[in-house]
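A.B. asks: Per TrEMBL, the features are:
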SIGNAL    1-26  signal peptide
DOMAIN    317-411  domain 'Fibronectin type-III'
DOMAIN    412-507  domain 'Fibronectin type-III'
DOMAIN    508-598  domain 'Fibronectin type-III'
DOMAIN    601-704  domain 'Fibronectin type-III'
TRANSMEM  707-729  transmembrane segment
Amino acid sequence: MLIIAMTMAVVSPWLLTSLLLHIGGAVTVQDAGVMRCGPLNMTVGRNYSEQKVQLTWEDHPSCLLTRGQIAYEIDVLSTDDMKTIHHDVVIVPQNQTGSIHHWLWVSPLPLECANNTFKVRAQYEDQRCINGIPFPSQPTLFPPDTHEVYEVGSNVTFCCLLPPLKTFHGFTLNGKPKEHVKLNNQTYAMTVHLRRPSGFGGTDVTCNNSDYGTTYYVGYRPRDTDLQCETRDLQSVVCNWSPDKSRHWPPTKYPTEYELLGRSCSKTGKVTTMKRCRQREVIKAQERNWTLTVRNVLGTLELTDRADLTKRVHMFAPQNLTASRINARNASLAWEWSDLQYRKLRVLCQIILNSKGDTDVRNYSGLGLNQALLSDLTPNLKYEVQVCCGTEEHFWKWGDRKNITFKTEGDIPDALDIWLWMEQKQTMILWKMPQPGQSHGPIIDYEVKWRTLAEPQETRNRTMLPPDQSTAVELDPSEDHLVTVTARNPYGRSPPASMVTLSQKADEVTNVSRIVGSDGGFSLTWLANPVSSCGYAVVWTPTFTRGPVYWKKVPTGVTQAFITGNLTPGVRYSLCVYACTQEAPQLLERREGYVEETEIPPEQIAPLRWAHVGSEVRVSWTPIPLGNRTAFIKGYVMHYHDMNAKEADPNLVDVNVTTDDAEATSLTARDVRVGSYRFRVAAVTSLGEGGGNSITLTINPPWDKSILALVVAFSNIFLLLIITSIIAFKNWTCIKQMVCPPIPNPVLICDWLALMEDRGPSSLIAVESHSSQMENVSVSQVFSHRLPVSTDNDHEGAPFLQNQATNGYYHQQPQQRMEITPKVELTQPVLPSRPLSCVFENPLYTDGMC
């Protein structure tokens, strides 16, 4: 604790030494002084608006005995729990010992909320404390409800002080609960970062309940820019600037004030929403500063523009503008000036003529200019005229505009723009419909005439009515013809437009180059040709379809043109450049191209055919029709893969076969193994692949074909046998008669038996049985009865057996044979008394058996 308070700034070392010796006795002078060194007469100063605290103190007289600097430690404590919330050290040099010291601290909270204790201590000295403010008797929100205004981007802290034993219920911001921190049992705080301006009504903050709250506003310092001053009448200054574009700022309660040349613009009502201020001021021919002061609750801004306003005259619009002496091609304009100062200035006026979308700008100048003559106007056309003026010397800007409308009188049409186009055996005579600025009145009809150059007297003509723009005639291609077309309106007929028939058709040109479109059109350039005497013409039409023909005339000396309009993406166009001559136009070159290539539609490559030879698969197709090609084909590509392998591995890469031949109709895949494949063929263009088509095929092993051939052969044989059997079954009787005719029974002549009997028993028949035993039988035993035997014998008694079967044929029972043996004895022969021939059936034969 402080025992002795000394107020003198400097103490005599001799007096201090004597005092310390009298008190301390046993200690040295230096030790006694250091032990007493510390702060005296501490005071606290508060700046509530800036949340600043300033501590002030003096050194104890004993500090003069120190031989070095003094370090003061300063702690800011929360009074409620005595916790340190801020710590600082102040170093006092030796040459400042004994003087008054200051320490400044900015509180993060409003000082009304910060119940703090400040503790200051020096080396070898006890602390000195100063307590904060007492707690209120009712809930209090700080800052109080004074409609404070804060700048965007800053932070503001609100704190709520509660009486002892009062319960805290939280903060709300525009009715929405917000997070807070507890400083002590009676103090709570909320910090808000101000990101954007507040609305017209501000932002409401409440503490504990709606009875304790405040409203604040958030905005910007003045941010107006681009001050620019001028004069309109040389008697006043008018300044314009770009205002702050923040919404809802500033609020009505805190308006922004403007001063021009130190005089308020707001009080006189001279500031508009466009931020424009006018002050009366005599304008002199000299440079000076024109200053605008902008002020709001958050700050002040000054904008300065340095200029000589006699060089910045922004003129008013002409008055009483009139049009007079109007005919088909001319008109006169006149006006007046409301400011007499303009009559002394050299005035430059701009007259803008608008008609049917066309704009014509003309400039006129003169001292105090107030009239102009308009020439070269278009007949029968309505004009909308705008007049604005400025100073010719030291031109600043165009003044306000004045408008007027008038219509010129009618006239005959202008000469038509015509062209001839050869199509097969006909000549198309084409002309462009006159625009409003060319027809000079409603078109009644068109007259078309043609004749041969060799016989000018034989002229043929044809009349066409609007809206026709072409007609077809048949002309002898071996002769040159002169074609003339005119248009007629109520004021007369147009000058004739003539052209000699073309000497060469466009489709007869074989040297055709390609052209690539860009920016929605074709950019053409060509070499100048000496045969051109009246310029060039560019003609374009679809290449593969019969479509409209367009053309564009190019003046002499120009060898380039940009063709646009009437062009369709994905359609190939033929563009021809002709040289205009006194005779027929001469074709210089022909080009083909697309204004924009598009992807060829799918399945245009069709049908796909394939052939398998060895390990190669050849896929062929029919060329894409020219009319279906929406881009130039650069070649073809074929992708294929094994379907089974692809199914097992979806990431398997296809095998590609390509060709750069745009006219190719087949591609061959090599080293193709057995399996199922999917082939896809597509055309390659600048856009990638298009027009693709696919085919699936299966490659079988070679032995499968052999088996198939055998199966087919046997099937054919089997089928042939079935057919033969059916035919044989239906015609069996006929076949039997042809193949196995009936076999007649053997016929025996009875006389041979008698002959055998005459010969005696030496003529025997021996029959060998299956047991190989021989039995002697007589002839009579061979048959069931005796037969009469003829006595006639032409063979001199030799035994004779006659067989009437087919020559070379005999019937033999298995394992049996019959032979004649002399061991058989004929018993009791009975011969007929007369010659007898008889026939008996052979039991070993069956009728009809083969």
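Our numbering is plain: 1 for the first residue shown, then up by one each step along the chain.
Placement of Cβ uses the backbone N, Cα and C atoms for every residue, glycine included.
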A.B. asks: I'd like the per-state residue tally for the domain 'Fibronectin type-III' (317-411) from DSSP, helix first, then strand, then coil.
C.D. replies: 5 helix, 52 strand, 38 coil
A.B. asks: For the domain 'Fibronectin type-III' (601-704), what is the mean per-residue pLDDT, to the nearest integer?
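C.D. replies: Mean pLDDT, the domain 'Fibronectin type-III' (601-704): 90.
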A.B. asks: What does DSSP give as the helix, strand and coil breakdown of the domain 'Fibronectin type-III' (412-507)?
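C.D. replies: The domain 'Fibronectin type-III' (412-507) comes out at 6 helix, 44 strand, 46 coil.
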A.B. asks: Per DSSP, what is the residue tally for the domain 'Fibronectin type-III' (508-598) in helix, strand and coil?
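C.D. replies: Split by secondary structure, the domain 'Fibronectin type-III' (508-598) comes out as 1 helix, 45 strand, 45 coil.
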